[in-house]
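> One structure, pasted below without further comment.
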Amino acid sequence: MFRHNALRYAVLALLAAGALFQALTAEYFGLEILTEILILAMLVLALDIVAGFGGMVSLCHGALMGVGAYTYAILSTKAGIAPPVAMAGSIALTGVAAWVIGAICSRSHGIYFIMATLAFGQMAYSYVFEAPIFGGDDGLGGISRLDLSFIGVDLNDSRSFALFCLALLAAIYVASVLILRSGLGRSLSGVMHNEQRMRALGLTVWRVKADVFGLSGMIAGLAGALAAQHILYISPGLLSWTVSGEALVVVILGGLGTLVGPLVGAAAFVVLKHELSAVTTYWHLVVGVILIAVVMSRANGVFGWFESRWGDRIERRMADATRKQQSEEVLTDA
Amino acid sequence: MAHDLGFWTLQALNALQLSMLLFLLSIGLTVIFGLMHFVNLAHGSLYALGAYFAASLAAVGGYWMGFFLAPVAVAGVGVLLYSGLIKRMRKSGPMAQVLVTFGLIFAMLDLTRIFWGDLALGIEVPALLDGRLAFLGVEYPTYRLFIIALGLAIFAALAFVLARTQIGAMIRAGVDNDAMAACLGINVERLFFMVFCFGCALAGLAGAVAAPLLSVTPDMGLQILIPTLIVIVIGGLGSLKGAVSGSLIYGFVQTFGAVLAPQLASVLIYALLAAVLVIKPVGLFPAKG
């Protein structure tokens, strides 16, 4: 089950403060980068739920995000449906698609699961690439953002949009924690640790996997709908398997199964990407070498490494402090 | 359909040629996986490297120099990879291996860009194989026939080595049960190493052979990776039979799909893969039951 510790709360608070500060003070370019981070953060949260807590290493989450983005674009531009409904529709459709993929792949494990999800992701990619309604290689433009003018917010302003994404990310984080703490989330951990035992206990394992995969897909769908509104243009490249691969890289670099770690990873990845591509065109080389180094060091990502070194110590110190405080209170009472 | 028999012969030859190219790649990958349980996503990058080596060598000493030396050079890179990374990753789970080799893809992509630049390179088809051959009532480029023949020859040679020789028996024993094979006095580690290098050489050969057909670009490794993975997952990991049947299925579904149902062609192969994984999660002809 997912638990917060002092370190996680501290890092969360730092991240939230940093994002809020950036959202309120940054100029246009900084806001664009912040929004990119926030959307990637949603995607990696979705991926961490299935990969870190269910052992389902998915290589189709990028494609799921693309499905969300394309559904939103098609519904809002071609079908003329109001943006809020289109957004709800894209989340629902992506969730259903993910549920079906999760149900079909639930029997596969390890490398076969990775390959099966990869196959589904590529299937979506090729379909979007070929079908004329999606605009093929040219992509789709003319996407409009959600209209929140009734509460006095203009999302076409990048600052408002960044704040909007930040609020949604916070909500998604809370929702992820709630999912992982629910009965479903606990069953999922059980399945990850010992599938046979959970089956013997009478659990319908494939349902648990499919349900969590579906919920995770809904988050990815939301990230996709936001990505479409962020750039106002989408192309099939969004569904490419390398996007899923990069999301997985972010989860791993951050710390699998920690929820907080992938958030750190998302921020670090986007900033690193922009900083490096300003200096060199070979930023893939640097990212590749970092990835190899992190995985070979056997640490659970940057946050996981930090946590395993310092998490316990901070926790203990906090516990000591409270105990001291309590004993002092007892003394003063006496 | 208004097409005549010649058209279908041509398509069948195209399919066969694609299958044989994929076979050269997938056999190395599948045996590495079957024997070492190692997922090498960077296999496609080795193929790209083979194409680049071939292009550079061909510029110096003609096509045949590239053809023969590129596999050797790629095997050399394989030795470096094995001693630097893969040996240490042998005991890790599939996830760590996928990630390390994914990082390797990134790194090698940019390394090829640094050494050879972003522009596409090309190789001339050698004079011996230039031109067309009249064949079964159709005219077909000789070079493509050469690829088909090469693939079949390598298939025959591997089938012979695996089934009839002592080293083949050792490899089969290692795939079947590596601990038991080690107990019987086979140096499984050394066997792994040899097979890995040989797989790399075959990937390099595939790159060298494909170079005159496709243009040599840094991302050609990424493009071929997914088809190769599909081939080995459909065929089943670790077996020659799986690699060859998977390659043929992929080649024919892709080629004939593009002719018969262009709208669905690319989706078709992924749907087939999904179907195989659902019905037979370990592929059609896995090395182990």
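Heads up, the Cβ atoms here are built off N, Cα and C, so glycines get one too.
What TrEMBL says about a protein is an automatic prediction, not a curated fact.
Values in this document were obtained by computation on a predicted structure and should not be read as measured data.
Per TrEMBL, the feature transmembrane segment maps to A:49-73, A:85-104, A:110-128, A:161-180, A:212-235, A:247-270, A:282-306.
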> How about the transmembrane segment (A:212-235) and the transmembrane segment (A:49-73): do they have 3 or more C-beta pairs under 8 A, pairs 6 or more apart in sequence?
yes
> State the residues, same chain only, that lie 6 or more residues beyond the ends of the transmembrane segment (A:161-180) and have a CB under 8 A from a CB inside it; answer 'none' if no residue qualifies.
1-2, 4, 12, 16, 19-20, 22-23, 31, 34-35, 38-39, 41-42, 45, 48-49, 53, 145-146, 148, 153, 155, 188-189, 212, 215, 219, 222, 226, 229-230, 259, 263
> Hey, would you say the transmembrane segment (A:49-73) packs against the transmembrane segment (A:110-128), going by three or more CB pairs under 8 A that are 6+ residues apart?
yes
> Can you tell me which parts of the same chain pack against the transmembrane segment (A:85-104), counting only residues 6+ beyond its ends and a CB-CB cutoff under 8 A?
50, 56, 60, 64-65, 67-69, 71-72, 75-76, 79, 116-117, 120, 124, 146, 206, 209-218, 220-222, 224-225
